[in-house]
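K.L.:
If you look up Swiss-Prot, you'll see 1-13, 42-61, 78-101, 174-190 marked as compositional bias 'Basic and acidic residues'. According to Swiss-Prot, the feature region 'Disordered' maps to 1-200. Feature annotation from Swiss-Prot assigns compositional bias 'Polar residues' to 25-41, 159-168. Among the features that Swiss-Prot reports, compositional bias 'Acidic residues' is placed at 102-139, 146-158, 191-200.
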Amino acid sequence: MSEREVKQIHEDQEAANAPAGLAQENAQVEETANENGSEDVSSAKKRDPEEDVTKADEPDKKKKKKRRTYDDDDDKEEKDGEEVKGKEAAKEKDSEGKEKVDADDDDEDEEDEEAEVVLGEDDEDDDDDDDEDDDEEYDESRADVGEEDDEEEDELNEIDQSNIISSGRRTRGKQIDFNEAAEKLDRENGLLEEDGEEEN
């Protein structure tokens, strides 16, 4: 027996055991499969429609997690703000007594704002004077610091210049006195030259 024959026998047994409505659907699927000549439809026959319904109801365990978008949070905040504004408007419209109290509060707020504006203008003039004083103090302090910096820089330059190695060779941490080394080389060269002159 081939695999197709085994599948066909299995399908026939399922069709016989299934209720009458399902048997008719399976028969229609078989007819369309024979007309189309595709084997994929046979796999569709094996599925039980009741299983499809239960699978749709169950959430997939391997479902990907949705990435969090912060735009959603912004939308929620905007909605909350709109709700608060709506509630405030509703409170104002609830009773005329409350509206009158709110109007008095508005007048007081306007007076406070005007007083702040008047005070703010005077403060700005004082701030300008303070800024000028601060600038002068800063300039004076920088002048004092500048004199001290020059003295410190001179000491550092002397130290740095004493440690400079003019040749391109590494000393691996050894301190080399180039004057002494030059004298030794001159003596060696001088001795060699003197020996060379005597031979001639």
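The backbone N, Cα and C atoms fix where each Cβ goes, and this holds for glycine too.
Here the structure is a predicted model, which means the values were calculated and not measured.
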K.L.:
Take the compositional bias 'Basic and acidic residues' (174-190) and count its residues per DSSP category (helix H/G/I, strand E/B, coil), listing them in that order.
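P.N.:
Helix/strand/coil tally for the compositional bias 'Basic and acidic residues' (174-190): 13 helix, 0 strand, 4 coil.
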K.L.:
Could you give the number of helix, strand and coil residues in the compositional bias 'Basic and acidic residues' (1-13) as assigned by DSSP?
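P.N.:
Within the compositional bias 'Basic and acidic residues' (1-13) the tally stands at 11 helix, 0 strand, 2 coil.
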